[in-house]
Amino acid sequence: MEIVILVVVIAVIALVAISGLVVTGRRKKAAETQQPGTSESTTEAPTRTVEPKVGEETEAPPEGARRTIEEVGLPEAEEAEAPATAEAATAAPEIETPAPTAGRLVRLRDRLSRSQNSLGKGLLTLLSREHLDEETWEEVEDTLLTADVGVGPTQELVEQLRERVKVLGTRTPDELRGLLREELLKLVGTDLDRTVHTEPGAEAAAVDRPGVVLVVGVNGTGKTTTTGKLARVLVADGKSVVLGAADTFRAAAADQLETWGTRVGARTVRGPEAGDPASVAFDAVKQGTEAGADVVLIDTAGRLHTKTGLMDELGKVKRVVEKQGPVDEVLLVLDATTGQNGLVQARVFAEVVDITGIVLTKLDGTAKGGIVVAVQRELGVPVKLVGLGEGADDLAPFEPEAFVDALVREA
Ligand SMILES: Nc1nc2c(ncn2[C@@H]2O[C@H](COP(=O)(O)OP(=O)(O)O)[C@@H](O)[C@H]2O)c(=O)[nH]1
Ligand SMILES: [Mg+2]
């Protein structure tokens, strides 16, 4: 008898629970698309609710939370009713007009010379000494090394200067300035191709695809900022841009990129938090191609926690994108203030992907501009862009002459 009552009670409870699930189930449908599979098994749930915190460097994001390429298509319904579109209907977002890009480095050179002046001034002061003895040359060497020029290039420069100063005999400050300018320019290099390749390669004529740029680098170096600034540069040049938020490690990263995009009217393709970066990158290129965009810029996560993790992820992003066509430019973003550490990072990234250009950020906050020379030597890849501040238009094409002029110009 008691057993019968017990069975009846359990049955009633079960019925109530099931009907409750059905009702709320409908309401939760949208939410469930964001966390696929949470209802299929409760035993696995705890691993899925572990979400990465900002700045956390896990070796591998929780696999369970990842989506496949097909699944990424799902959130479209949510996107349709996203506040951004609703906003657009009520008040068109204000689209900014970025500053022209020509001659930016010259306009921003004050930022550069304020921090770099010590290098040029220091060298000129030393070279103006009446007697250039061994000790002075050592000081010249130290000055260059302190500015992160690197051992090899420093020795070359000192050798050249010694030779030319000897030939010069008497030295006027102007002569010295000219000489130093020439020699520094040789080190920086004037014949490298510093164009950021945002145009699709020749093969694209048949396929009609956008140019694809991949932005890589360690967290905090300025990747997202640079991607945003670059989008502005391209928009200012009359191009249509689609952004890919392949840093899926934290939602804030995609938001940050989207904010940059919205400001210039560029669309941002994003995926679920902790989703597969490669599928977001794939989607961005796909959507960019369908929309007939000129350029797709892909921002990535830079967790340099383990080299293998990075290799797997970044290598995969590139490979997956390449299923639709080549990547036209791989920009490595380096924080100029990190000095030698930046060079170590550069080396690791170069092993993972073929870097085609370097972006040196935060040159406004360091006197170690010599890193331009060192990193080019290290990777055999030119510095193409420099970041000179946090402002939206503080990204400049790297021009060797303007850079060296800023180093040696009279204060
Ligand atoms: N002063 C200065 N700050 C920069 C520059 N580029 C980026 N930043 C700042 O560096 C911080 C990290 O940038 P972010 O783009 O989020 O780095 P990410 O983690 O590589 O994507 C932000 O506070 C940026 O404003 C630059 O050229 N100069
Ligand atoms: Mg970022």
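Note: Cβ is positioned from N, Cα and C throughout, glycine not excepted.
Heads up, TrEMBL stuff is auto-annotated, nobody curated it.
Residues or ranges marked as GTP binding site by TrEMBL: 217-224, 299-303, 361-364. Within 10 Å of the C-beta of Lys223 (GTP binding site) there are 25 other C-beta atoms, taking all protein chains into account.
Positions annotated as compositional bias 'Polar residues' by TrEMBL: 32-46.
Within the model, the domain 'SRP54-type proteins GTP-binding' (382-395) carries an average pLDDT of 94. Residues or ranges marked as domain 'SRP54-type proteins GTP-binding' by TrEMBL: 382-395.
Marked as region 'Disordered' by TrEMBL: 26-103.
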Given Gly220, Lys223, Thr300, Arg303 as the binding-site residues, which ones have a Cβ positioned under 6 Å from some atom of ligand 1?
Gly220, Lys223
Fewest other Cβ atoms within 10 Å: which of the binding-site residues Gly217, Gly220, Thr300, Arg303, Leu363 wins that one? Let me know.
Gly220
Under 6 Å from ligand 2 by Cβ, which binding-site residues from Lys223, Thr300, Arg303?
Lys223
Counting by DSSP, what is the helix, strand and coil composition of the domain 'SRP54-type proteins GTP-binding' (382-395)?
0 helix, 6 strand, 8 coil
